[in-house]
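Participant: Have a look at this one before I ask anything.
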Amino acid sequence: MGRKKIVAGNWKMNMTPSEAVTLIDTLKPLVKNDDVDVVFCVPAIDIIPAIEAAKGSNIQIGAENMYFEEKGAYTGEISPNMLTDAGVKYVIIGHSERREYFAETDETVNKKVLKAFEHGLTPIICCGETLTQREQGITIDWIRQQIKIAFLNVTADQAKTAVIAYEPIWAIGTGKVATTEQAQEVCSAIRACIGEIYDEATAEAIRIQYGGSVSAKSAPELFAQADIDGGLVGGASLKPDFGAIVNYNK
Ligand SMILES: O=C[C@H](O)COP(=O)(O)O
């Protein structure tokens, strides 16, 4: 059986709680597609109203981040229990913006991934190279390192259910989409790396998204690639365009 596509929106630091409800009400009828898992990853304060607004639809609500401890004196952080108790199923881990502005490292990403699995949350694990790394020809080495550390001590059964988002940093929010060949090349290398860490069955089961300026125009070709199982969408997830991205195959 083939892998089901997964298209996730990453709202980043956009939408107040009331704006979140309005956006979900607008997008609800536009994002129906039985062939695709649809996830809206929203700011922490929007999670509860978003879950309420998404009731009765195919939209699942995810978080954009979480901490790797259970509870305690970590002012400003959100615990895995808080997410699951609210009804969250997915959590983005290690987005390049978290790595760049909030000092996240491959090691903290790994701790968060392990904690997410412990709580039954599906992590959307982000990786991606800078423009300099691409120009220096070290993209694949860099991504393999990110993946190997992110998956330390993760079991094959857990890895099978994970989602990896390949997001070249130079393509995020820039309007510069990686070519389908570039995106497919890296996603295929990620799958091969998972195969090396685990086995063929795990490599075949894990879902790998592309992210970086995905639009209604670029989605159909990107998502048709053998190793691209959907997308992690930033800017376009805040617009009706997101409906067209989810329905890339219609
Ligand atoms: O998580 C989403 C990515 O950072 C892509 O953002 P973008 O679609 O606005 O380029």
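The backbone N, Cα and C atoms fix where each Cβ goes, glycine too.
Take a look at what TrEMBL says about it:
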- Asn10, Trp11, Lys12, Gly173, Ser213, Gly234, Gly235: substrate binding site (BINDING)
- His95: active site, electrophile (ACT_SITE)
- Glu167: active site, proton acceptor (ACT_SITE)
Participant: Tell me, in order along the sequence, which recorded positions from Glu167, Gly173, Gly234 have their CA within 10 Å of the residue listed as 'active site, electrophile'.
Facilitator: Glu167
Participant: Reported as an integer number of Å, what is the Cα distance between Ser213 (substrate binding site) and Glu167 (active site, proton acceptor)?
Facilitator: 9
Participant: Using a Cβ cut-off of under 6 Å to any atom of ligand 1, determine which of the binding-site residues Trp11, Lys12, Gly173, Gly235 qualify.
Facilitator: Gly173, Gly235
Participant: If the substrate binders are Asn10, Trp11, Lys12, Gly173, Ser213, Gly234, Gly235 per the record, what's the largest distance between their Cα atoms, in Å?
Facilitator: 14
Participant: Drop a 10 Å sphere on every Cβ of the recorded positions Lys12, His95 and tell me which sphere holds the fewest other Cβ atoms.
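Facilitator: Among the recorded positions Lys12, His95, the lowest count of other Cβ atoms within 10 Å belongs to Lys12.
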Participant: Compute the C-alpha separation of Asn10 (substrate binding site) from Glu167 (active site, proton acceptor), stating it in Å without decimals.
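Facilitator: Their Cα atoms are separated by 12 Å.
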Participant: Let me know how many other Cβ atoms fall within 10 Å of the Cβ of Asn10 (substrate binding site).
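Facilitator: So the number of other Cβ atoms within 10 Å of Asn10 (substrate binding site) is 27.
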Participant: Starting from the Cβ centroid of Asn10, Trp11, Lys12, Gly173, Ser213, Gly234, Gly235, which together make up the recorded substrate site, report each further residue of the same chain whose Cβ lies within 8 Å of that point, ordered by sequence.
Facilitator: Ile172, Val233, Ala236, Ser237, Leu238
